[in-house]
Amino acid sequence: MRMAFVSSFGLGNGMTSCRNNVRTRCEFSLFHHQKNVGGQFRQVPSTRVRMCESAETEKPQESVTESSPKSKRVAPTVPQGFTPPEPRTFFVRPDQFLNVITGSVGSAMRLYSGALVSGYSLGIADGKITESSSSLPMKRPEQPLEVYEFEACPFCRKVREALTILDLDVYIYPTPKNGVRFRPLVENLGGKQQFPYLVDPNTGFADYESSKIVEYLFNTYGDGNVPLGLRLGAVTTLSSGLATLPRSGRGASRAGSKVVFPEFPLELWSYEPSPFCKIPREALCELELPYLLHNTARGSVKRAELKERVGRFQVPYLEDPNTGVKMFESADIVKYLYDTYGENAPGATAELPEEFSMIAPKLPTEN
């Protein structure tokens with residue numbers, strides 16, 4: 001049973017609704033996606049589909065009509081004079097103290113769930129302390145999972161914690177309030193705009209209910225034992241909700257009326273309870289920027305992989321295949337994201353380009 005939770009920014013039952021508007025016409029193609037048909041997750045042929053919807057008493061959505069202009073994709077551009085900052089371990093800029101403190105308070109309310117991978121263990125090798133998992137990897141998915149969610153949702157947090165504990169990579173498709181890119185896609189896939197919505201392309205599983213998703217993840221990619229902090233029912237829900245309050249609704253709503261829509265997802269190395277990682281995740285959500293999330297809790301093998309990739313382990317770390325930018329430092333990442341994709345960025349538009357409609361983008365190659 002789902003416990004109703006209402007925060008200061010208007011969340012209820014882990015769900016925000018945009019049903020006061022209805023699509024009157026929508027053309028889309030699903031070349032890389034599957035659709036939930038009659039409770040079964042099936043592949044949709046690679047053809048262009050036209051759907052028509054009507055409403056009994058609801059107002060038609062004005063932005064998607066026959067007379068609406070078609071927005072064209074504009075590639076993002078790196079801000080003039082931009083240079084990635086030098087990474088500094090545990091450095092906090094004076095103007096970021098409040099962000100770090102409020103992010104830390106939220107994680108403390110969840111007892112830092114997601115800080116350690118399942119089966120976390122310490123060891124010694126060559127005179128150095130090592131961190132690993134005694135139970136992972138078990139079954140690893142061939143393809144990253146897909147989650148439609150928004151950062152400030154307490155039910156979404158539960159799922160993100162589970163993904164971090166299980167050390168799973170996942171495509172995040174942000175669905176902030178007033179979002180235009182992925183909310184309609186979720187409704188088409190599952191029949192309603194409710195979040196989180198997880199899709200596992202490896203098995204065909206798709207569901208909205210956070211508790212059911214968490215149980216599925218541990219049964220499929222873990223040892224079947226859901227951690228206590230994720231199976232306390234109302235207590236888990238309440239603490240997850242309270243954890244969002246210190247951030248005052250950041251990561252809940254779309255930022256501004258215009259954004260730049262990227263062709264490819266970004267990549268972020270992060271782990272759930274880190275306050276430094278939370279700040280850029282909020283920005284990615286507010287700008288509706290899809291990204292491949294590489295979870296790197298303590299004990300994750302991806303910590304060593306990141307060190308091999310860039311010469312050090314430090315998170316958050318962002319790579320943007322749309323511009324070629326690679327960078328550390330949370331506050332600088334946020335500034336880069338808003339300067340490149342925010343409403344004042346070159347090419348920002350209120351209209352979703354037609355070629356991106358009803359599409360969940362993937363990286364061109366897994367790297």
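Just so you know, glycine gets a Cβ as well, placed from its N, Cα and C.
Residues annotated as region 'Disordered' in TrEMBL: 49-80. The compositional bias 'Basic and acidic residues' feature in TrEMBL is assigned to 50-61. Sequence annotations record features per position, and here TrEMBL assigns domain 'GST N-terminal' to 143-225, 264-345.
Secondary structure of the domain 'GST N-terminal' (264-345), assigned with DSSP and counted as helix (H, G, I), strand (E, B) and coil, comes to 34 helix, 18 strand, 30 coil. Counting residue by residue with DSSP, the domain 'GST N-terminal' (143-225) contains 32 helix, 16 strand, 35 coil.
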